[in-house]
Structure formats: C-alpha cells, structure tokens
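Written below as structure tokens is the structure these notes are about.
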Amino acid sequence: MKCLFLLCLCLFPIVVFSSTFTSQNPINLPSDATPVLDVTGKELDPRLSYHIISTFWGALGGDVYLGKSPNSDAPCANGIFRYNSDVGPSGTPVRFIGSSSHFGQGIFENELLNIQFAISTSKLCVSYTIWKVGDYDASLGTMLLETGGTIGQADSSWFKIVQSSQFGYNLLYCPVTSTMSCPFSSDDQFCLKVGVVHQNGKRRLALVKDNPLDVSFKQVQ
C-alpha cells in the first residue's frame, strides 16, 4: 500500500515556477470551474469557517471534529473524527485554502486545497490544525487522517472536494508533489476517497476504497 503511494507521487511532474510569479500573475481559473456550495446554496468563501456535516441524519449523521488520537504521543490533539450521531455537539470549524484562495477567489470542485481547523490554539499546537494523511495503520488496514500537515507544500496535505454520486460532496486525498503542476483537474486517477473506519469506538476519517463519506458544509455563525 505504501509503495503504491510512493509510485503515485513519482508519477506527478514537478513543475518549477519562476520567482517572478506573484499576485500580479494569478492562477487563471478554467472557464468551467464549478464553485463548491454550502447548505444554503452560497459559494464557499476561503475567508470564512465551516462545519463539515454529514448529508444524513441520526445515527448516520455526525459532524467532523478534532480529537485526541488513541496511543498518540503528539503533544496536541491530532485525530480527525466524525461524531457518532448528528444529535450532540457541533464539529470543529474548518477553513479551506485552495490553489486560488491566495488571490481572493473562491473554493472550486476538483481544486487542490488544504484543510485547516479554524480554532484558537497555543503556539505549540499551531501545526496540529492542518489536515494530512498519516502513515499506514496495519491494525486498520488503511491510512488515517490526522493533523500536522503544511499549507502549500509538496507533502501529504492535498485534498479535493468533488460531487458525490449520492448527496452533497466527497473529499479526496491527492498525493501531488506540486499544486502548481495542475491546480485544477477532474482526473482523479491518483486520488483516494476519504471515508470512515471504527477506531476504539469512534469514527475516524481514513482512506477507503468504497463508501466515501458524503458531506455538506455549513457556515459557522
């Protein structure tokens, strides 16, 4: 499994941009770029925070939240979970940092982006707010989502939002070496689905082959 990820990483070209690339030379959005919408039909705004909520209710529902990973020696909470029901607390707010967000534009489907928990935290825990995919967990047979990623870097922190085949949206993990090589692409050949596995009685976000998590986005008031 790990070898597959390394192979995927090697298949993406590394593009080196000129140092003259600045805000005066912004990314040109494709003409067919489709903005991601929240539950009210408004376009996602990279300046705002959102709850990632399930498109289902009751026991099938539950918001995404930041929590302590079992058996983790990290100094801060670094696990990404989903509540076991939509009855209870709201999830941890997130913000989306897309390839175009630095230029005041929105968040779009199939756009490579970073996800960051939008919470106040200590200086020690600042780096434990950015989503990434962790190492392979042999006991669960997959790779778990956690925090500790980096924004805008060629590592394990790149995701996409795509239309679900059922309701709402799906999250994809895309192991890309450079976001600038292809910031917008509908070719998800090398992306993997984000779903849920059960870990110590909790629903943990992880990479899955089937049954991806269907989500919607609700603006934090």
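From the backbone N, Cα and C atoms, a Cβ is placed for every residue, glycine too.
Over in Swiss-Prot, the protein carries these features:
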- Cys76-Cys125: disulfide bond (DISULFID)
- Cys174-Cys191: disulfide bond (DISULFID)
- 25-30: motif 'Vacuolar targeting signal' (MOTIF)
- 1-22: signal peptide (SIGNAL)
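Overlay of Swiss-Prot feature records on the structure.
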residue: Cys76; record: disulfide bond; DSSP (3 states): coil
residue: Cys125; record: disulfide bond; DSSP (3 states): helix
residue: Cys174; record: disulfide bond; DSSP (3 states): coil
residue: Cys191; record: disulfide bond; DSSP (3 states): coil
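When the alpha carbons of Cys174 (disulfide bond) and Cys125 (disulfide bond) are compared, the span between them is 25 angstrom. The highest number of surrounding Cβ atoms within 10 Å, among the disulfide-bonded residues Cys76, Cys125, Cys191, is found at Cys191.
Spacing of Cys76 (disulfide bond) relative to Cys191 (disulfide bond) is 28 Å (Cα to Cα, whole number). Other Cβ atoms within 10 Å of the Cβ of Cys174 (disulfide bond), summed over all protein chains shown, number 22.
If you measure from the Cα atom of Cys191 (disulfide bond) to that of Cys125 (disulfide bond), you get 28 Å. Across the motif 'Vacuolar targeting signal' (25-30), mean pLDDT in this model comes to 49.
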